[in-house]
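Written below as structure tokens is the structure these notes are about.
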Amino acid sequence: MTATTETAPVAPPAEPAAAKKTKKQQPKKVAGGAKAKKPSGPSASELIVKAVSSSKERSGVSLAALKKALAAGGYDVDKNNSRLKLALKALVTKGTLTQVKGSGASGSFKLNKKQLETKDKAAKKKPAAPKAKKTAAGAKKAPKSPKKPKKVSAAAKSPKKVKKLAKAAKSPKKPKAVKAKKVAKSPAKKATKPKTAKSPAKAKVAKPKAAKAKKPAPKK
């Protein structure tokens, strides 16, 4: 009997562990259900803007008329009544809707045409702005191409170096011309000296004539 009483209390502690596991798993299911409830379609503000823009009433659209239009589109108005009121107030503060009558969420509402016109103009101007940026980028890229002629200018500078080398080659020619002049002057001086030596040559020519005249005398 004592053995059975000691072993019996050991089994129950396993049950609270299982209960803890079930408690942890349950909140996960609830979180998954909350995520599934989020609407995947358009927001309440978008639906209100569509309903007001589609209406042809000049005096504006009342809250009751909005609810009818949204209910006809399949929107649950009863569950999302608070969201509709908050969306209406937010649209009025932003300026997308103008409140013609009443205050708060009650009354009648119209679309703010001025803001819509500005949005349309901004939407039309936005595509034009990227084109201007592209042209500006193209204009910046265009001047980059003339950088290549710099190499040509560097090549054009090389003839200057060739000219300098040609001038350097011409400069040694000048001393050669000077040397030629000096050489030409020296033979001229030598040519003047032999003039004095010509006088004895004439005397030598005169002597043989006298010898020839002496030979015929013995023949007689």
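The chain as shown is numbered from 1 upward.
From the backbone N, Cα and C atoms, a Cβ is placed for every residue, glycine too.
What Swiss-Prot records for 1-45, 99-220 is region 'Disordered'. According to Swiss-Prot, the feature compositional bias 'Low complexity' maps to 28-45. Sequence annotations record features per position, and here Swiss-Prot assigns domain 'H15' to 40-113 based on sequence analysis. The compositional bias 'Basic residues' feature in Swiss-Prot is assigned to 122-134, 141-151, 158-196, 204-220.
Each residue in the domain 'H15' (40-113) has a pLDDT score, and their mean in this model is 79. Residue counts of the domain 'H15' (40-113) by helix, strand and coil are 36 helix, 11 strand, 27 coil (DSSP-based).
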